Each structure stands twice: as structure tokens, then as C-alpha cells.
Amino acid sequence: MKKLIIRVVGVLFLVGFLIYLFYSPRLKFDVLENPNKGNKVNRSEQVNKSNNHAENPKPKEGVGTWVGKDIKVLTSKFGQADRVYPFRDGYKNYVFKDKNSYYIVSTKREEIVSVYATGEKVNVSPLKIGQHSAEIFNHTSINPEPSFKVDGKKYEFELSDEDLKTQTLIKYGNIYAQVYSDQQSKKVLSVRFLTKEMLADIEPYQLNSNSTSEEHNKRPAEQNPNQLISLYEVTNEMRKLKGLKPLKINSDLAHIASNNLYEATSNGSDSVEFTEDALRGQLDKNHVTYKTTAQNVGYAFNDVPTLIHSWMNSDIHRSRLLNSKYDEMGGDVMRDYYSLIFLEK
């Protein structure tokens, strides 16, 4: 009798679950919000505090030596940049790329203040692309609570456990390096060298209560479309590092992503949702043929590299970004939201 009751309960549960799936086609695509826009930092005492103020010498070679130089040094070396566009607050971005290297170089008044670098052949000395994260922790001084002043204002950042594992911050001489690592493979995917002024402006980490976060609203019209191109490019750079084929850009998907973002963020509600049902409906409406589709959405990230590497370290978003079955992608950037649709033809 007991076994019969268990079977009946099991059948009822299964029927209920199937009914739920049938009548609830609103499978949501999780929006990955920037965790460092919150108010709490979770960190264990895993960094050796007795050594976290020791000096790491400034890089003697590689892209770290570009910081502080005139942009003409790079244009003389690489030729004209693939793209140049106003970024934010007086910054200008230059994108240089070839088969085995990819750079986003930020300047202010022609001086290089930040270099994001990825690719098998980039020289990010004293670090290396593909280097195991443990080597960095064992041989480098890392301060999980870096602080400095810019224009008389004090900035005190706090790195969480997640930050230390996926985008740790290292000071080399008078510049900093954000080391983006893959939490699954524990290997370095890319590095960004930058000045403290740039670090203060993009705020990639949580500021503690003694610091004042400033709103940056001076975003030129050219920024969003160029951020979208960077979204495509860095996505394919990550796939390349993992031995996957690059995704082709589908303008129809970009149009759908734009409509999707507009509808989701213009309904006057504080709750923004992106559902599989809505996405499939728009694909069908635009006569886009496909086998499977999915969507990644990010919110409140100040730059593309930080967003992409956050997706890389979120299981569900990573599974889409690195899925070998997808052939195409299309996206949009709007109102602090980033959307990227993936498609299997």
C-alpha cells in the first residue's frame, strides 16, 4: 500500500510539472547584474595580509609599458587602428586586432591610460595568457583593499572572493592590472593595464562606505554601437581561446535584440524580464529560421570586457557564450543593458 501511494504521488507530481511546462512558456533568461554595484562584499581572509602592501615592480616589457605613452607610439607600430571612437568622460578608445591579438586601448588627451589585451600572442608581461591563477597568487603581492587619491578624492575598493578569483587587481609600480581569469580552468584569459585615474572612473570593484561613487553620464552617441561591436569581438576572442569557431553577426538578430531591449525596458515596470517565449515570438515574426536559440543579458556594467568575463564565470551565461552548436549572434546595447542573442541555424 505504501509503495502504491508513493507511485501515485510521483505520477501526480510529474503530471503537475508537465502542466506547468505547457501552460508556462515564460522561461526567463537570467539578467546578470554587475555584482559590484551592490552594497556588500563577501571575502574570506585568503590573501596574505602581511605581504599585500609589498611592491610589485612596473612591467619592463609588453603592453603594460604602453600606459602613459602617446597613442602615436601604437599607431606608428601597428598602423591605423581598426576602430576609433569616443568612450566616456573625455576618453577615446582605439581597437587594434589581428589573428592572434586583440587590444582595446583607452586614451585621454592622446595619452594611453588603459590597455585591455587578449589573444594567444599578446605580451602581458609579467603575466601570461593561459597562465594558471595559482602561480599569480603564489608569486605576486595582492592587496584586496586598494586605496588611492584622484583629484583630492579618496577611493577605497574592496575585492570580493569572486573578484580575487576572476578579476583580481594587482599594482605594478604606479599602474594597475586587472587579471581576468576563467574560474573553471583557473587560467588567465586577458589582462587590462590601467592608471588609477581610469580605475576610479570605471569602478570595476565595490567601493567601501568611505568612498563616493560618481555617476558618469557623459556618454557620446557613438559609444553604444561601438560597445556592441566590442561585445561581438570579445565574445569571439573568448571562443577562439577555447578552440571554438567564431560566431557570424546576424543583423536580423541585432534588430530583434534592439526591439527586445526596448520592449523590456520601456514598460514602466521596475521588473525587467527577458523570456524565451518573447524571443521565439520575435524570431518567428521576423521569419528567422533556426533550430535552437538563447540569449545573454547583462546590466550595469561600465565596460564590455568586465561584462564578458562575468558571463564567462556564470555557468548559465558561459554555457551559451561557449556553446559549439551556435552559428550566429546579434545584440544591442541600450539603457545600461547588454543583450546578445545566439542562434543555431
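Please read every residue number as a count from 1 along the shown chain.
Backbone N, Cα and C define each Cβ position, glycine as well.
Quantities reported herein were computed from a predicted structural model and do not represent experimental measurements.
Marked as transmembrane segment by TrEMBL: 5-23. Marked as compositional bias 'Polar residues' by TrEMBL: 40-54. According to TrEMBL, the region 'Disordered' annotation covers 40-61, 205-224. Marked as domain 'CAP-associated' by TrEMBL: 68-205. Sequence annotations record features per position, and here TrEMBL assigns domain 'SCP' to 233-336.
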Helix-strand-coil residue split for the domain 'CAP-associated' (68-205), DSSP-based: 27 helix, 62 strand, 49 coil
Helix-strand-coil residue split for the domain 'SCP' (233-336), DSSP-based: 50 helix, 18 strand, 36 coil
